[in-house]
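A.B. asks: First, the structure itself, so that you have it in front of you.
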């Protein structure tokens, strides 16, 4: 059972990582003048869209997404609308947090919100895919000893790696190096994406190494 779960997780993460690669390469081939630095916001939204679409599809196909309690169309639409609302509120939340950490309030509002969209795509979207639009379940997973499955543990690791990566990515910005990747929010988006990809690799590896020590109880 453990090996099957870990293999499914590794395969899922490989597909998502490949979507990030394709979201970078395909626009560079199809769109003249596209570059990660020169058209950074376009690249950022390309990656966000790719991760969102592939994550939703893969988690749904694997059956990781929690099933709906009711099978009526109205309930499913309500759940979809709540998920979209949580996604948008998460963008506003990350935007506010980034501004409080020192990002320009007005001057680079579009760039800051674009970074918030990326962070939401890499973190909140995964919560929605694994746990659904259930805030209580989110609080439970990110509390101490709150994981109830390997996917919960994976969620903890990938979200933590993404946020740490975004935080570390902000360190080079004030340095007087005059590099193109120091322009806001290039280094933070690189850091968050690098942290996310690191989490995709680290999560199944950590779970595999500690599988004998991991025990989950229904709460």
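Cβ coordinates are placed from backbone N, Cα and C, and glycine is handled just like the others.
Just so you know, TrEMBL annotations never went through curation; they're auto-generated.
Because the structure is a prediction, the values reported are computed rather than measured.
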A.B. asks: According to TrEMBL, transmembrane segment applies to one of these ranges: 134-152, 153-171. Which one is it?
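C.D. replies: When 134-152, 153-171 are checked in TrEMBL, transmembrane segment belongs to 153-171.
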A.B. asks: Do we see three or more Cβ pairs under 8 Å linking the transmembrane segment (12-30) and the transmembrane segment (183-207), pairs being at least 6 apart in sequence?
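C.D. replies: These two stretches do touch.
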A.B. asks: Which sequence positions outside the transmembrane segment (84-106), separated from its termini by at least 6 residues, show Cβ-Cβ distances below 8 Å to it?
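C.D. replies: Distal contacts: 112-113, 115-117, 119-120, 123-125, 128, 133, 170, 184-185, 188.
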